[in-house]
Amino acid sequence: GPLFPAHPLCATQRRSAATTADSNAKVAVLGASGGIGQPLSLLLKNSPLVSNLSLYDIAHTPGVAADLSHIETRANVKGFIGSEQLPDCLKGCEVVVIPAGVPRKPGMTRDDLFNTNATIVANLTTACAKHCPEAMICIIANPVNSTIPITSEIFKKHGVYNPNRIFGVTTLDIVRANTFVAELKGLDPARVNVPVIGGHAGKTIIPLISQCTPKVEFPQDQLETLTGRIQEAGTEVVKAKAGAGSATLSMAYAGARFVFSVLDAMNGKEGVIECSFVRSEETECPYFSTPLLLGKNGIEKNLGLGKISPYEEKMIAEAMAELKASIKKGEEFAKSMK
């Protein structure tokens, strides 16, 4: 089949290749009471792939857990509140998703969140390194270009680092690219797949329209407008919400899509491919998002850049300095921590 098969349907419509019998995944959501955390937890509760759902936050989790626990699906839901309950939340977890942190307000870049979110991610991933070192770690908290290097350094510090199990969730960039291309071409977005590589902020977001399935073509001016819209789509939502936060519902959908792919692959489903921001040898950048073949142990194979157009090549070159600086900032933050 094609290198990038069309992405699965939404959680409520899909039926996994794995039967419920061989899928007993314990999943934790850290930051489960927040704008992304609540709808993400709802989508995970709705999935037959999840048998146990552990919800953690610094407030409101008992209520969120009680509410979700009444849904007629098999996932057993437990709420944990405050750092003293975090170890119990994480014990035995196979997948940990981290949407915790503060969102952007109008006029903010993702990097403006660094000081607050870097500390939150460092603390949460320290607990993961101690209590579920083998788990797949899926980081949603921005700036992803820095929070992934932070997570890696924390895991190294504890001697449990495995680069095949630490993922920066960039899936929303792919979801947006699929949606915008489908709108422009009158296609069903569920059948469109655009790989998006690089990072997860502004011009580091590089949609590979030339590799879209089905094949699509745009005049250069339209291609540049489309690319710019994909890169700034997060800001579009921040502006539309006018101070009431950033993308939460679409991010929850994208986060769930990524987790379901990870779980499907862990259950032995073949050919599961997702883009994600990970430790990488594909470019001169130590972390880079490319399509990844997922397997039982996380990344099975990095599929790399594939064949790229001169325009895409130029975008990669122009993204390097910003990407490297964000990575270095994250690494230095983690190394400076006590």
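Cβ coordinates are placed from backbone N, Cα and C, and glycine is handled just like the others.
Features as listed in TrEMBL:
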{"type": "ACT_SITE", "residues": "His200", "note": "active site, proton acceptor"}
{"type": "BINDING", "residues": "Gly31, Ala32, Ser33, Gly34, Gly35, Ile36, Gly37, Asp57, Asn117, Ile140, Ala141, Asn142, Met251", "note": "NAD(+) binding site"}
{"type": "BINDING", "residues": "Arg104, Arg110, Asn142, Arg176", "note": "substrate binding site"}
{"type": "DOMAIN", "residues": "26-168", "note": "domain 'Lactate/malate dehydrogenase N-terminal'"}
{"type": "DOMAIN", "residues": "170-333", "note": "domain 'Lactate/malate dehydrogenase C-terminal'"}
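Fewest other C-beta atoms within 10 angstroms, among the binding-site residues Gly31, Gly35, Gly37, are seen around Gly35.
In this structure, the recorded positions under consideration are Arg104, Arg110, Arg176, His200, and the one with the smallest number of other Cβ atoms within 10 Å of its Cβ is Arg104. Candidates Arg104, Asn142, Arg176, His200 (recorded positions) were compared with Asn117 (NAD(+) binding site); those inside 10 Å Cα-Cα are Asn142. Comparing the binding-site residues Ser33, Asn142 on other C-beta atoms within 10 angstroms of each C-beta gives the minimum for Ser33. Packing around Asn117 (NAD(+) binding site) is summarised by its Cβ count: 24 other Cβ atoms lie within 10 angstroms of its Cβ, all protein chains included.
Gly31 (NAD(+) binding site) sits 18 Å from Arg110 (substrate binding site), taking the CA atoms of both as reference points. Within 8 Å of the centroid of the Cβ atoms of Arg104, Arg110, Asn142, Arg176, where the record puts substrate, the same chain has further Cβ atoms from Pro143, His200, Ala201, Gly234, Thr235, Val238, Ser246, Ala247.
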